[in-house]
Amino acid sequence: MNTSGSEEEFCNERTSLMTTESPPVSSYHVETGISSLEDTQTKGRRPITNESNNREADHEGESVERDSTADSEDEEMSLKYGAKHVIMLFVPVTLCMIVVIATIKSVSFYTEKGGQLIYTPFTEDTTSVGQRLLNSVLNTLIMISVIVVMTIFLVVLYKYRCYKFIHGWLILSSLMLLFWFSFMYLGEVFKTYNVAMDYPTLALVIWNFGAVGMVCIHWKGPLQLQQAYLIMISALMALVFIKYLPEWSAWVILGAISVYDLIAVLCPKGPLRMLVETAQERNEPIFPALIYSSAMIWMVGMTEHSAVQQPSHQETNSDEEVGQSHHDNTEDNRNMVVPETEVHGAQSRTTSAVELEEERGIKLGLGDFIFYSVLVGKASATASGDWNTTLACFVAILIGLCLTLLLLAIFKKALPALPISITFGLVFYFSTDNLVRPFMDNLAAHQFYI
Amino acid sequence: MTIAVFFGCSFIAFGPAFALFIFTIARDPLRVIILIAGAFFWLLSLLLSSLVWFIAMKASNDKDQQLQRGLLIFGVMFSVLLQEVFRFAYYKLLRKASDGLAALSEDERSHISVQQMAYVAGLGFGIMSGAFSMINILADSLGPGIVGIHGESQYFFLTSAFMTMAVTLLHTFWGVVFFDGCENRRWWVIAVVVALHLLVSGLTFLNPIYEGSLPPAYVILVSMAVWAFFSCGGSLQNIQQFLTCWKNDAGSEVAS
């Protein structure tokens with residue numbers, strides 16, 4: 001089946017890892033009294049990883065004399081918060097992988113051969129190993145060049161402020177994911193478990209699921225519901241890739257995209273880096289609804305609420321438009337943090353304490369979720385060692401994520417989240433499948449324990 | 001080969017470890033990270049030892065059953081030694097990280113003590129070891145089949161589950177004792193832990209004569225539990241205090 005191109009593109013903003021920061025101080029402050037309080041508060045609570053050029057600029061005046069004492073405090077705070085942030089990402093990544101693995105193991109549709117995407121035109125049903133390898137490398141080249149082109153296109157659109165275009169594309173791709181793919185998924189699950197279902201009920205369920213998803217992701221919604229939707233659409237996307245990417249191509253693509261991620265985020269002229277910097281220059285959060293965010297800004301104090309909500313809400317609307325690019329948009333959707341939810345979270349706090357508290361969170365691009373899940377899903381679908389290989393890849397990816405977050409804490413700027421995890425995952429997949437599996441099988445047969 | 005067997009064996013094998021995880025580790029992010037890193041280190045040791053075994057196996061005669069069995073035994077022994085080496089390496093890593101954390105914090109103390117790290121690291125090793133031993137067997141137990149149809153033991157699943165539980169808990173206690181030995185520079189402790197690990201693994205060579213492998217493993221488990229308890233500061237007085245305070249305060253529990 002040749003699916004339409006949109007959902008295949010990758011928005012590579014997805015694949016970068018960055019910390020959230022609360023909106024700049026200036027947009028919050030209505031009263032000067034509050035602003036000075038917030039300044040002192042935020043001075044003592046700098047986030048672990050800091051993209052906050054804005055914030056620092058605002059605080060410079062007051063920060064000079066507090067620098068020395070605040071530094072050691074910040075370090076300690078950052079390490080204390082570090083572990084919490086790692087867990088805040090472990091949980092959604094684990095959930096996404098569990099959903100994918102459970103589906104792969106039970107619904108046979110996603111492991112059946114069903115054709116290939118137009119982005120991987122070369123077949124792998126060849127007679128010789130060399131030909132197969134060549135075909136998979138060619139497939140990878142095509143896929144990666146499509147990704148590069150789309151990313152550059154997105155950066156160009158963003159630079160020239162074609163927000164409406166991006167917005168439209170993003171909405172289109174999330175529509176497709178939330179309605180069409182979830183309908184297909186539900187259909188396959190019903191087939192697997194032989195459940196009888198009538199169309200009116202199905203239409204109602206899909207309509208509710210999709211509509212609430214669109215609202216949550218693109219507008220406002222409870223943070224946890226939004227996170228759940230982002231995880232679900234990441235899992236759906238990963239399942240599509242697992243089904244339609246041929247075996248060897250999938251592994252080569254995973255390797256190539258982590259190299260690309262590294263280049264795109266770290267090189268000075270890399271598209272993703274330019275994207276991040278442009279967004280920072282314009283003081284806009286990057287692509288809401290395309291990044292998974294674990295943060296919630298708590299604004300306490302009744303009077304500030306309404307004043308605060310408006311500016312940040314408008315900001316996020318425009319960001320949302322920015323975030324919509326291609327079908328990856330769905331990924332974009334995933335990658336984007338939704339400041340709205342942060343704002344929404346603030347709205348729900350109606351206590352009247354005077355202090356301004358911020359819970360800094362961490363953002364992970366949805367593309368990272370997708371590719372982690374693709375790796376683990378492919379491992380569980382194709383490995384003959386079955387569960388051992390899946391478990392090994394799972395642990396490897398989590399450790400890679402942990403290391404990436406450690407680097408994030410040290411370097412304090414946007415980092416690619418794919419390279420370390422995917423490298424570990426690939427190494428462990430191939431070594432567990434080929435080396436550990438025969439060893440463990442022999443041990444289990446004799447009931448030897450190591 | 002029913003659902004009952006599946007659930008029974010999985011609860012036997014992973015129940016204690018799961019309970020330990022839920023009650024002591026899940027709430028603290030740092031401990032979760034140490035747990036997963038411990039699992040990763042065990043995985044690395046398994047990888048290296050499988051590599052060595054694989055090379056030895058490929059370089060030797062495929063058809064000779066005795067040789068293959070001998071190679072497998074060698075593989076097991078080598079794997080045990082490598083696991084202990086990686087346990088030591090993990091101890092070194094945790095020590096360095098702990099020192100770093102302590103240096104940065106205000107009161108020069110780390111948030112997590114070496115004993116806690118030892119316990120979590122040991123549990124990480126144990127969970128991964130148990131998972132790798134048991135998960136495939138559990139997956140098979142859901143499918144059709146008859147256990148021991150060719151004359152082998154019909155208690156395969158049950159004994160695997162019990163052995164897995166023993167090994168998981170043993171790794172936990174070995175971790176505690178091992179780290180304590182490293183901290184206090186008592187090298188004989190490390191030697192004893194390695195020897196006991198080799199013993200437990202060696203006893204499994206007697207399978208399917210389960211009387212030779214399971215009861216001794218459980219005896220060692222109980223003695224290791226007592227040793228670990230005393231090595232990390234427990235005492236009979238603590239237990240007494242714990243029990244009496246528990247009886248006195250109906251609603252509250254006092255940690256000893």
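Each Cβ is built from the backbone N, Cα and C atoms, and glycine gets one as well.
Bear in mind that TrEMBL entries carry predicted annotations, made automatically and left uncurated.
A quick note: this is a predicted structure, and the numbers were derived from the prediction, not measured.
Annotated region 'Disordered' per TrEMBL: A:1-73, A:309-335, in sequence order. The compositional bias 'Acidic residues' feature in TrEMBL is assigned to A:1-10. Annotation comment: TrEMBL describes A:13-25 as compositional bias 'Polar residues'. According to TrEMBL, the feature compositional bias 'Basic and acidic residues' maps to A:53-69, A:323-334. Annotation comment: TrEMBL describes A:86-104, A:137-158, A:165-187, A:199-219, A:226-242, A:248-267, A:391-411, A:417-436 as transmembrane segment.
Scored by C-beta pairs under 8 angstroms, the transmembrane segment (A:199-219) has its highest count with A:226-242, from the stretches A:226-242, A:391-411, A:417-436.
Contact counts against the transmembrane segment (A:391-411), taken as Cβ pairs under 8 Å, peak for A:86-104 among the stretches A:86-104, A:226-242, A:248-267. Here the transmembrane segment (A:248-267) touches the transmembrane segment (A:137-158). Their Cβ atoms form 3 or more pairs under 8 Å, with each pair 6 or more residues apart. Note on the transmembrane segment (A:86-104): residues 110-111, 185, 189, 227, 230-232, 234-235, 238-239, 242, 292, 294, 361-362, 364, 369, 372-373, 376-377, 380-381, 390, 394, 397-398, 401-402, 405 of its chain, located 6 or more positions outside it, place their CB under 8 angstroms from a CB of the stretch.
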